[in-house]
Amino acid sequence: MQRYISLSVSLSLLSGANALVRPDGVGRLPALGWNTWNAFGCDIDASKVLTAAEETINLGLKDAGYEYINIDDCWSVKSGRDPNTKRIIPDSAKFPDGISGVASKIHDLGLKVGIYSSAGTETCAGYPASLGYEKIDAESFAEWGIDYLKYDNCGVPTNWTDTYTHCVPDNSNGSKFPNGTCPDISNPAPTAYDWSSSNTAQRYNAMRDALLGVNRTILYSLCEWGQADVNTWGNGTGNSWRTTGDITPDWSRIVEIANENSFLMNYADFWGYPDPDMLEVGNGNLTLEENRAHFALWAAMKSPLIIGTALDSINEEHLAILKNKPLLSFHQDPVIGRPAYPYKWGYNPDWTFDPAHPAEYWSGPSSTLGGTLVLMFNSEDSAKHRTAVWSEIPELKDSAEKGSGYRVTDIWTGEDLGCVKDQYDVELQSHDIAALVVGESC
């Protein structure tokens, strides 16, 4: 039986000790950007990518900190590589000026550009991938002006699969994970097994080394779905690493991923961040409250915030969520790298692994907000009250005594809620989240 890592693990496991440190601070803070996949899937071309870049500026997203415009799967010729150079060939029907032409135009807008490949023989959509061609592809990416690589885990040949299976309690791997354990896992690793020696780690390290060998700094985003206990080696390999299978614009999937990622927060710090996948804000049939909770949790966890909706048709409410200044300020804190942590589960007893009801109470220190970030989440299907008790919040409990008051600000409205004594109670609609800055004592 294998158990998912919890926040109670030793702080010696925190990211940073063996981090992949890049020039100019690239990857020190979690990435902010946009990606084609959740909006368009394989139906991409230069026009859609450039429209997203232009809208990133027009909508004020660049000013809010979003900087990467990322091209996901399906950008190349599907039939194979150039027979002479062995390079991947951009699809000229989709990208008439090549990837370099698009990259140049994006750079002219003051933004950065990302590309996609996989640590296998083909991508998830069946296009040429980079296993065995890492050096050639890294050189191509650098020559084209690429700033970000999302590196997936599809097309892995049998000789590159892992000897053992790691516990990833995600619905993409089954449905029976009692409190985050994997009792039915096939071929579990020995207790002392070093996953950094696994084939998965070696496949991802090969591209890391190739990227480090080119004359361009390229942020490296691992998309290995939480496999091979990536949390124990991902920080030395890439700037972020996926912790689960793919997200979808379904509330049940969003809270499932939030639950899984919440147990991995001790691995997040400067230069390395567990990645619960790209944002679905603005997609599907999510309610306003669900969009808000999704974004607030991802920002509080200091996950990469990669927008995945069509920006030329986004509505004002969704745009306002993506541009929320206090949450982005917490997310991009230059002094404090650690994310918010759950301090109370609320609906469940503490430390309960529940795909439908993640931890509901979160807090985190901030050098930018003038106080502590506090989230209260209603995971239930009807309106409920939630109460933040100052003496329960780790950042406040040493100074909070009965009758203690703090200046409180509502992050969503910007409203100064005044001097609040002892606790703050709020009624939340189904799947909504309260976000507060708890500031100076009063």
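Note that Cβ sites are derived from N, Cα and C of the backbone, with glycine treated the same way.
According to Swiss-Prot, CYS42 forms a disulfide bond with CYS74, chosen from CYS74, CYS124. When the candidates CYS154, CYS167 are compared with Swiss-Prot, only one is recorded as disulfide-bonded to CYS124, and it is CYS154. Mapped onto three states, the DSSP output places ASP152 (active site, nucleophile) in strand. A separation of roughly 17 Å, to the nearest angstrom, links the Cα atoms of GLU224 (substrate binding site) and ASN159 (N-linked glycosylation site).
DSSP classifies GLY226 (substrate binding site) as coil under the three-state reduction. Most buried of the glycosylation sites ASN173, ASN285, judged by other Cβ atoms within 10 Å, is ASN173.
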